[in-house]
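Data first, discussion second: the structure below is written as structure tokens.
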Amino acid sequence: MSTATAEAPTMTQTWQTLCTKADLVPHSGVAAWIETADGPAQVALFYLPGPNTPEKTVPGSNTPQPGHSPELYAVDHHDPFSGANVIARGIVGDVQGEPVVASPLYKQHFRLTDGQCLEDETVRLRTWPLRLDGDKVEILA
Amino acid sequence: MNTPSQAKPQLIIIGNGMVGHHLVEQLIERGATEQYRITVFGEERHRAYDRVHLSEYFAGRDAESLAMCDADVYADGGVELRLSESVTAIDRDVGEVVTDQGRYPYARLVLATGSYPFVPPIPGHERDNCLVYRTLDDLDAIRAAAENATTGVVVGGGLLGLEAANALRGLDLDTAVVEFAPRLMPMQVDAEGGELLREKIESLGVQVLTDRATQHIEDGQASFHRMVFQDDKVLETDLIVFSAGIRPRDELARDCSLEMGERGGVVIDDRCLTSDPAILAIGEVALWNNSIFGLVAPGYQMAKAAADTLLGGKLTFEGADMSTKLKLLGVDVGAIGDAHGNQTPGARTFRYLDEIKQEYRKLVVSSDGKKLLGAMLVGDNAYYDTLMQYYANAMELPEDPAALILPSTEGAPTLGADALPDGATICSCHNVTKGAICATIDAGATDLGAVKASTRASTGCGGCAALLKSVVDHELEARGVEVDQSICEHFAHTRQELYDIVRVEGIKTFGELIDKHGHGSPQSPGLGCDICKPAVASILASCFNEPITDAAHIPLQDTNDTFMANMQKNGTYSVVPRVPGGEITPDKLVVLGQVAQKYALYTKVTGGQRIDLFGARLEDLPDIWGELIEAGFETGHAYGKSVRTVKSCVGSTWCRYGVADSVGMAIQLEHRYKGLRSPHKLKFAVSGCTRECAEAQSKDVGVIATEHGWNLYVCGNGGMRPRHAELLATDLDDAALIQAIDRFLMFYVRTADRLQRTSVWRENLEGGLDYLKAVVLEDSLGIGDELEAQMQTVIDNYECEWAGAINDPEKLKRFRSFVNDARPDPDIIVTEERGQLRPA
């Protein structure tokens, strides 16, 4: 059960505006619909503001991942274990300091930085860079 | 019952008491039905029941709750159970059992006929209202006779006599005990102990007459009977219960010429075989080494040996210890080994007598003071477990053995679990040794519950519960299993500690709690997780009951709480409006149908007497609830760890058997406690009479109407591990019922672990049911007012979460399928089955 991981930005990707900051729910998720070069996708957007948020890094490195805001995450809304589109409705938190979302159906944890499932190393959600431009929430897809 | 020659040999068991039942359990467990056809005859109409707790029958327990197993255990195990069928003879020449209904061939036969109460042949003993105390039918007869009686006498001041006296007290009779010997319980206690016992029992209002031999019984003047004693003194009473000892039910064996003891009992060898090797005998009918064992534990050991013998094994019965501890009329009595000190030459004693606290303890030790030979306890059995271990394991006594019976002070020697040898029996009912417990832990059991489930230790009489816990705790610790009670990596606290912190510091948000008490560094205490967030959300709701849809609380909730509906496997939700007590008007029923039709919902009736509407899309939830609220519905909290339903039977309003308005009470309770958030879900039921159609005894809170009010049962459970609820209080009026439930619920909310149902909480509660009764009914902790006040806060702050949400545009924003697109999720696909839609 593996899902393709996010590729590095290519020429076909652009920053698309999804919604405003007010549409996000602090410390929780909402779903968005995007069109990509590979077809449409359902995306879960998470917003973790505040001092308790871990520094956003690429796993294995200590440098902030370039291109997106430290408090915003976008991963697949599709839950590979249940086949339902529900990830945005999971509880977010951290495991050993890494921000994660727990699937609301069968409770597997997915790392928000790279989509990796902590219970099954063969499963990974796609991730997209997400940023704030003023009040606008933009995704690179 | 013609047995074809090819068929399995027929095994017949005569008697379905506790010991006979234990044999059947052993046989089923060991697969004996592969080898035998098994038929059990019971002369009573009830299947095996717990005779040890017979007196609870008058305290509200019925035959079903006293039953040793569920009704279908025998049938499921392949064992035929023939109740209400008396065996009248055994024809050993042809190998047949003769009953009042037919003849049945046997290959092997087990006598488990038990014993009968001995009635001394006093002239007049056969008068009306002269009864015995042995079976449920006996108890029914006593209850019927008590209807027209104000006084009752028990003849016999032994263990069973005092039990019977307790039962008569329970029927509100002025009760007296008449004992032939100079003291009560002459088998178990000595003169000093007996005197203390008399004082304690008299202080309960039971008259005690010792040294009395009844000469005859005649018509009374003021009462039904007059008993005339050897000194011509008389005692008048309406009802007499004989409890002057038991005799083996050995007439079948005698009639077919099996070897008998001089004073009765069927002689058996170590393998429980009688003089006819095709026939075995176990329990109180069996005479082993010239002794009859009148306790259940030795009977169980015989049953084990007999099962092994029937299966070709070599297990033997090697006698049993008659040590016992009891609570009679609320008085602790314990006797270990040679309690009288008259079986070993040179035995020495230590005695401790406290006439103020009314406690008496005696140690019988070997002449060199090194070994415990026996002990006697009156007034406080807390000393029993330790003494029993010294005795059973022949352990060397401490230098000053007297310290073992002196009142506990600091420095008094206590026997730690580590001091026990592996062979030490911890649970004598199921014969579980410390070694067996260690083996279970080595095999992966990590808590008390797992050890109990796997060894059955402490699931018999329960007397070893405290000892078992200390052994398990000690062994886990010794294995380096730190019994880490932290709720998760974010808090080094248990749920109960977090609860106290929230209450004491008045903390109202998760953010404040994790900032002040989180486990991580002060700079970064972390975000919390899917363990601690919902747990804290529940605590905050139990304490302050602010709407869970408030912004500060939204991120804490499981999706079900967030969207106030139950997520199903395809990401849609089910909707369950509240139907208090299961009572619903036709108009409302129509609305549910209309809403289901309009939004294409699958409908199903739930076990909690409501209607569940499945397949609601996230974005339809507000519209669905708009229509439901318009029609007068409110949220049912089926999504929360909270009070769910109060199921009810139709009660006295319609039912010809009902004694109270169970529906009315159910509705009152449901409205009172609706929305209470708790460590896990809570289910209630109210039955309008003892027939118990609402199945209240399988609920967290069960209420059953009686002639005099309500009986309250608590901590029952259905589900994966069913548990009968226990009787907490009897004959409560409405106000007392609600007070007891208020306190019970809040005490549970306050002290339970995360996701711990009341049943598991109760099993882990130190002090057990007695402790719970003390806290709830007697306010032993002095927190009754506080618990009630807190419940009132929750009740005062109740609001329907859905009513609050559908009028708040901010809250409704969450119910969009996508923040940037109005289309419904195209991946939700349904198909039709039996006229309704279901996930494809």
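Quick reminder: no glycine exception, Cβ is built from N, Cα and C everywhere.
Small disclaimer: the values here were computed from a predicted structure and weren't measured.
What TrEMBL lists as [4Fe-4S] cluster binding site is B:Cys649, B:Cys655, B:Cys689, B:Cys693. According to TrEMBL, the feature siroheme binding site maps to B:Cys693. Here TrEMBL flags B:10-303 as domain 'FAD/NAD(P)-binding'. The domain 'NADH-rubredoxin oxidoreductase C-terminal' feature in TrEMBL is assigned to B:323-383. Here TrEMBL flags B:426-472 as domain 'BFD-like [2Fe-2S]-binding'. According to TrEMBL, the domain 'Nitrite/Sulfite reductase ferredoxin-like' annotation covers B:568-630. Residues or ranges marked as domain 'Nitrite/sulphite reductase 4Fe-4S' by TrEMBL: B:640-763.
Those residues of the chain, other than B:Cys649, B:Cys655, B:Cys689, B:Cys693, with a C-beta within 8 angstroms of the mean position of the [4Fe-4S] cluster site C-beta atoms are B:Val650, B:Gly651, B:Tyr657, B:Gly658, B:Ser662, B:Ser687, B:Gly688, B:Arg691, B:Glu692, B:Ala694.
DSSP labels the residues of the domain 'NADH-rubredoxin oxidoreductase C-terminal' (B:323-383) in these numbers: 3 helix, 33 strand, 25 coil. Most Cβ pairs under 8 Å with the domain 'Nitrite/Sulfite reductase ferredoxin-like' (B:568-630) belong to B:640-763, among the candidate stretches B:10-303, B:323-383, B:426-472, B:640-763. Over all protein chains present, the Cβ of B:Cys655 ([4Fe-4S] cluster binding site) has 15 other Cβ atoms lying within 10 Å.
Along the domain 'Nitrite/Sulfite reductase ferredoxin-like' (B:568-630), the predicted structure has mean pLDDT 96. The Cβ of B:Cys689 ([4Fe-4S] cluster binding site) has 20 neighbouring Cβ atoms from other residues within 10 Å, across all protein chains displayed. Using a 10 Å radius centred on the Cβ of B:Cys693 ([4Fe-4S] cluster binding site) and all shown protein chains, the other Cβ atoms total 18. Remark: secondary structure over the domain 'Nitrite/sulphite reductase 4Fe-4S' (B:640-763) totals 42 helix, 35 strand, 47 coil, with classes taken from DSSP. For the domain 'Nitrite/Sulfite reductase ferredoxin-like' (B:568-630), the DSSP counts in helix, strand and coil order read 29 helix, 14 strand, 20 coil. Counting residue by residue with DSSP, the domain 'BFD-like [2Fe-2S]-binding' (B:426-472) contains 25 helix, 4 strand, 18 coil.
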